[in-house]
């Protein structure tokens, strides 16, 4: 039996979907523990590409139980759309389980997200405007509506009526917008409730029972460590906790039940939206990496900002998550470069910082200190074991391990499931 938590070790978009898909082969359950449809996974199996936002990547295996935990906020229209899209490709969602305690996203959350982002102007966060933040706000304010409420027709109608009364007061009096129609929202969400009711259950019982039975469980986080509401580059963060500790809270298990934590990082680093980015490439090389790596958001289509691998941020992710291993993806994107760089520290007003600062003012003024290593020209997309990689590529990986303090257990050399090198047993 092994319980493995898979987390993003950067600003999200690290390739967690591919790694989850690869590791799901030996898992009995695959569990999503936080976030919403502001995150996206792209998984390539054979000649087919799957883009998932809420459903765990393990759904592509017919014998896996896939779970959406209570830490997730759910847009039921998006979830049902994903289920229907999978069905059209012959993928069953019969093994999907949804937590009764997961909170629901409503049209007023999405509208609030949009109007607040517009109001902030140049001070905007860079939200996806999917309603994620406002849904988590309602959850913390104890006025949210959960899946257990949604599937109870009488309870749901009363809760929605009160929430929409409050939100419409805000829209009309503060923002000068017309009110949302209660009747149409009620009708739509009653339809969603009927479609999803059979999937809604107490997932904590299912997962704890699976642990007792000695099954392998893979917990997958969305976004990444540097977007965590507490540990990320606040306020340019998400509204939930992508870090490993949140896996326990987000599904209803105790911390002693976790056996291993794996962090996923690209061989370089990217971020979407606003916020400081010390190793960002603001030149033609950044454009080259973006195009070669296909660095455009799965959810928004926005171009991602690209930079050299940040070892300071990597060490931070290892520390706050307690990472046992790193999985390094997209190593193939760096093939063909004469030189490759790894940031080992930050120069700040004449001092070297070896740890990731909390202050955005400090982070914005940090200048990366690089180790420069020779690149490799070979096509590595066909490599299936470590010895298949060129010596310079192996040295680059070794240096990442040295700088971050975490051994590398998995290497991605392409987008397909088969384009993976495993160097350690993870279950």
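Glycine residues also receive a Cβ, built from the backbone N, Cα and C atoms like all the rest.
Database features, via Swiss-Prot:
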- 13: active site, proton acceptor (ACT_SITE)
- 41: active site, proton donor (ACT_SITE)
- 12-18, 40-42, 304, 330-332, 412-414: GTP binding site (BINDING)
- 13, 40: Mg(2+) binding site (BINDING)
- 13, 14, 15, 16, 38, 39, 40, 41, 128, 142, 223, 238, 302: IMP binding site (BINDING)
- 298, 299, 300, 301, 302, 303, 304: substrate binding site (BINDING)
Let me know how many other Cβ atoms fall within 10 Å of the Cβ of residue 18 (GTP binding site).
27
Inter-residue C-alpha distance, residue 15 (GTP binding site) and residue 223 (IMP binding site) (nearest angstrom):
10
Sequence order is fine: just name those binding-site residues in 38, 300, 302, 413 with a Cα within 10 angstroms of residue 13 (active site, proton acceptor).
none
Show me the subset of 38, 128, 223, 298, 301, 303 whose Cα is within 10 Å of residue 12 (GTP binding site); these are the binding-site residues I mean.
223
Quick check on the binding-site residues: of 38, 128, 223, 300, whose CB has the lowest count of neighbouring CB atoms inside 10 Å?
300
Fewest other C-beta atoms within 10 angstroms, as judged across 12, 15, 40, 301, 303, which are the binding-site residues:
301
Using a 10 Å radius around its CB, how many other CB atoms surround residue 302 (IMP binding site)?
13
Measure from the Cα of residue 413 (GTP binding site) to the Cα of every one of the recorded positions 41, 300, 302, then give the nearest.
41
Distance check, please: Cα of residue 304 (substrate binding site) against Cα of residue 128 (IMP binding site), rounded to an integer number of angstrom.
13
May I ask for the distance between residue 40 (Mg(2+) binding site) and residue 331 (GTP binding site), taken between their Cα atoms and rounded to an integer number of Å?
20
Please give me the CB contact count at 10 A for residue 331 (GTP binding site), counting all chains in the structure.
27
